[in-house]
């Protein structure tokens with residue numbers, strides 16, 4: 001049976017399928033973890049410790065060395081995405097109720113959901129798109145996008161926008177596993193190779209644990225709203241990203257569209273923030289489902305829109321010839337001249 005292959009046909013499947021299975025478990029057998037106890041309960045309720053290991057391994061996978069072009073491109077995209085999320089947070093906090101919208105079509109929508117959906121880019125999706133439609137430097141720009149993974153940027157945005165307050169030691173606690181992994185991975189390439197292998201492996205485990213915090217009735221209530229949120233993420237973050245890529249990044253806007261997605265890791269953010277600030281606990285389940293839907297929507301639409309944009313600005317099929325293809329073509333031309 002090709003279970004893995006089938007799951008990967010779904011955009012973000014390795015995150016979303018276990019998430020849905022966890023939600024099924026929580027909805028129809030909410031006491032399963034306590035009933036079985038031991039390791040089973042650990043898998044069901046271990047969101048935070050599993051994510052802590054994942055953040056450590058994510059940090060270890062990042063290389064310190066990068067060219068100036070890569071850093072400029074990735075820095076431009078990351079800063080722009082965070083800045084847009086901050087503006088959205090500042091505006092939403094003055095419009096939406098403190099506990100989110102509780103009735104009507106927009107029930108479940110909260111400032112936390114908006115920020116979590118918008119402040120992180122799906123680095124893997126970006127890299128795969130830009131390998132086809134961008135240069136080598138552009139596809140390598142996801143190097144700094146990994147720094148967005150985790151609740152730190154969301155904490156910074158919520159804190160600086162005056163929506164929540166976090167003690168300094170809480171900030172340190174949120175980023176410390178990532179920094180320790182980052183340090184070890186750059187001190188020893190073998191450790192980087194060893195720990196980076198676990199990044200993809202751990203995703204289904206923390207997704208299943210996250211799912212066990214969600215009731216399926218919440219998914220039913222927020223499904224269409226989540227689709228609208230995903231489209232909004234592409235529009236609201238995509239336009240500034242295109243402008244920033246052209247003006248500051250030296251690109252043609254393709255990288256900006258490719259970065260206008262919701263990251264799979266963002267699905268975990270509402271629960272993690274709620275663990276630190278209990279005031280967010282009432283809105284965390286709905287925010288989680290909204291962000292999960294946004295991940296699906298952006299994972300499907302962003303590659304399509306990026307391809308259309310690239311064809312418009314580059315012509316042809318929109319792809320960029322790779323170095324080996326360019327060299328081969330040049331060699332063929334030299335041979336014709338010699339003949």
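Every residue, even glycine, has its Cβ placed from backbone N, Cα and C.
Summarising the annotation, Swiss-Prot assigns transmembrane segment to 10-30 (among others) and lists sequence analysis as the type of evidence.
The transmembrane segment feature in Swiss-Prot is assigned to 42-62 (among others); the stated evidence is sequence analysis.
For 77-97 (among others), the entry in Swiss-Prot reads transmembrane segment.
If you look up Swiss-Prot, you'll see 100-120 (among others) marked as transmembrane segment.
Taken from Swiss-Prot, the feature transmembrane segment covers 141-161 (among others).
According to Swiss-Prot, the transmembrane segment annotation covers 163-183 (among others), on the basis of sequence analysis.
Residues 14-27, 33, 43-47, 50-51, 53-54, 57-58, 61, 108, 264, 267-268, 271, 284-286, 288-289 of the same chain sit 6 or more residues outside the transmembrane segment (199-219) yet have a Cβ under 8 Å from a Cβ within it. Here Swiss-Prot flags 199-219 (among others) as transmembrane segment.
Panel annotation: around the transmembrane segment (224-244), residues 76-77, 80-81, 83-85, 88, 105-109, 113-114, 117-118, 253, 255-257, 259-262, 289-298, 301-302, 305 of the same chain, lying at least six beyond its termini, place a Cβ under 8 Å from a Cβ of the stretch. Feature annotation from Swiss-Prot assigns transmembrane segment to 224-244 (among others); the stated evidence is sequence analysis.
Distant neighbours of the transmembrane segment (254-274): 12, 15, 19, 47-48, 51, 73, 77, 80-81, 112-113, 116-123, 125-126, 129-130, 133-134, 138, 141, 145, 148-151, 154-155, 158, 164, 174, 203, 206-207, 210, 213, 230, 233-234, 237-238, 240-246, 280-281, 283-285, 287-288, 291-292, 294-295, 297-299, 302, 305-306, 309-310, 313-314, 318; these residues of the same chain sit at least 6 beyond its ends, with a Cβ under 8 Å from one of its Cβ atoms. Feature annotation from Swiss-Prot assigns transmembrane segment to 254-274 (among others); the stated evidence is sequence analysis.
Among the features that Swiss-Prot reports, transmembrane segment is placed at 289-309 (among others), with the record citing sequence analysis.
Residues or ranges marked as region 'Disordered' by Swiss-Prot: 315-339.
Swiss-Prot lists 320-339 with the feature compositional bias 'Basic and acidic residues'.
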**Intrachain residues whose Cβ lies under 8 Å of the transmembrane segment (77-97), provided they are six or more past its termini** = 109-111, 114-115, 118-121, 141, 144-145, 147-148, 153, 156-158, 160-163, 236-237, 240-241, 244-245, 249, 255-256, 259
**Prompt:** What stretch in 10-30, 100-120, 163-183 has the biggest tally of Cβ pairs under 8 Å against the transmembrane segment (42-62)?
**Reply:** 163-183
